[in-house]
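Asker: Positions annotated as active site by TrEMBL: ASP113, ASP297. Marked as disulfide bond by TrEMBL: CYS333-CYS368. According to TrEMBL, the feature domain 'Peptidase A1' maps to 95-405. Marked as signal peptide by TrEMBL: 1-21.
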Amino acid sequence: MPSLAALLAATTLAAGGFASAIPTRIGTTANTGNASLTQVRNPHYVRHGPIALAKVYRKYGVPLSDDLQAAVNRIVQKRSTGSATTTPEDYDVEYLTPVSIGTPAQVLNLDFDTGSSDLWVFSSETPSSEVSGQAIYTPSKSTTAKKLSSATWEISYGDGSSSSGDVYLDKVTVGGLSVSSQAVEAAQKVSSEFTSDSANDGLLGLAFSSINTVSPTQQKTFFDNAKSSLTSPVFTADLKAGKPGKYNFGYIDTAAYTGAITYTTVDSSQGFWTFTSTGYGVGTAAFKSTSISGIADTGTTLLLLPSTVVTAYYKAVSGAKYDSSQGGYVFSCSATLPNFVIGIGSARITVPGSYINYAPVDSTGSSCFGGIQSDSGIGFAIYGDVALKAAFVVFDGGNTRLGWAAKTL
């Protein structure tokens, strides 16, 4: 059973290559010697003017100018994508994704966190007393590892956990998408919260690089380093309740969501994916229009909202109460919880009530902790995994915006 600290944590929480398969050719023939062929559109084809022009020149044996060849090279280099499965731990407290580091590859399971910007890992430099079953990164075993001279890092998270160490540049691959010289922060010290989580080998931050903690020179996130090579400068989170989901880089999988994607502007000035929700709804009650500033954070387990919103929600839950011994709202585990509705522009994202019945707080399983809690003292709402797994979410780094869409749950 997770501790309260784990439940409330801003636990700072990839990618097999996406191959655009050309559709099967379809045609019919008859005995007359005639043939009728149906053209089939490749839905993943992206049109590029320079490539089309180069194709014509090559067809007729015309040498490409230096300018045109350079333009083609830039486009070809930008056509990269990646897709990786992410698997939740118990109670969906965090989602872990395999990441390959170094040459030959050392595979570690990392927590992808849109609420921080450091890629750090348990390492051969982490004291053995602070390692408890985690896989470690050993720079000396990688032919592509290079120590970043004098660089150090130190980070702490909302649950009080922390880690620190030195820095290497090395090849990092997330599901087929590679960055050849990524800052990999090797832990020389980790707090007990990380030591006790034997399945989690470190974090991969996906917030903005402006809050990376490496000193004296900040380092770019994996996404920022990969962005220029991607077909489209985006990544998407498709987290699932109690089962594996996906992180995709460089493209939007149209089969992963229903209806339309609604985009909302992001304020990146504080380094987070900060947006403004247009309101909320509880169960079948009328939607309440109000501006709620918050961040989309895959590294936080729960949905943290203004106290007024939290109070309004639990008024609709029979027997729900604030329990000072737990530091949050609890209710009978057998309670039927209402859905919670998030406003994104004029669109509505529905979080099923079952997602908000988070986890038991006692050994009898009679009292449960709520997946919606107060953001008091934080200064902004945190749309963590309880909310994110109810939607398909686009993190658009090219246009600095977030896209939200409904999906089959």
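Cβ atoms are placed via backbone N, Cα and C, with glycine included.
Describe the structural context of these features.
Answerer: Cβ neighbour count for ASP113 (active site) (all protein chains, 10 Å cutoff from its Cβ): 25.
All protein chains shown were included, and the count of other CB atoms within 10 Å of the CB of ASP297 (active site) stands at 30.
Over all protein chains present, the Cβ of CYS368 (disulfide bond) has 22 other Cβ atoms lying within 10 Å.
Averaged over the domain 'Peptidase A1' (95-405), the predicted model reaches a pLDDT of 97.
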Asker: Need this for a regression test: recorded positions ASP113, CYS333, CYS368, filtered to those with Cα within 10 Å of ASP297 (active site). What's left?
Answerer: ASP113
Asker: Pop the Cα-Cα gap between CYS333 (disulfide bond) and ASP113 (active site) into the table, whole Å please.
Answerer: 29
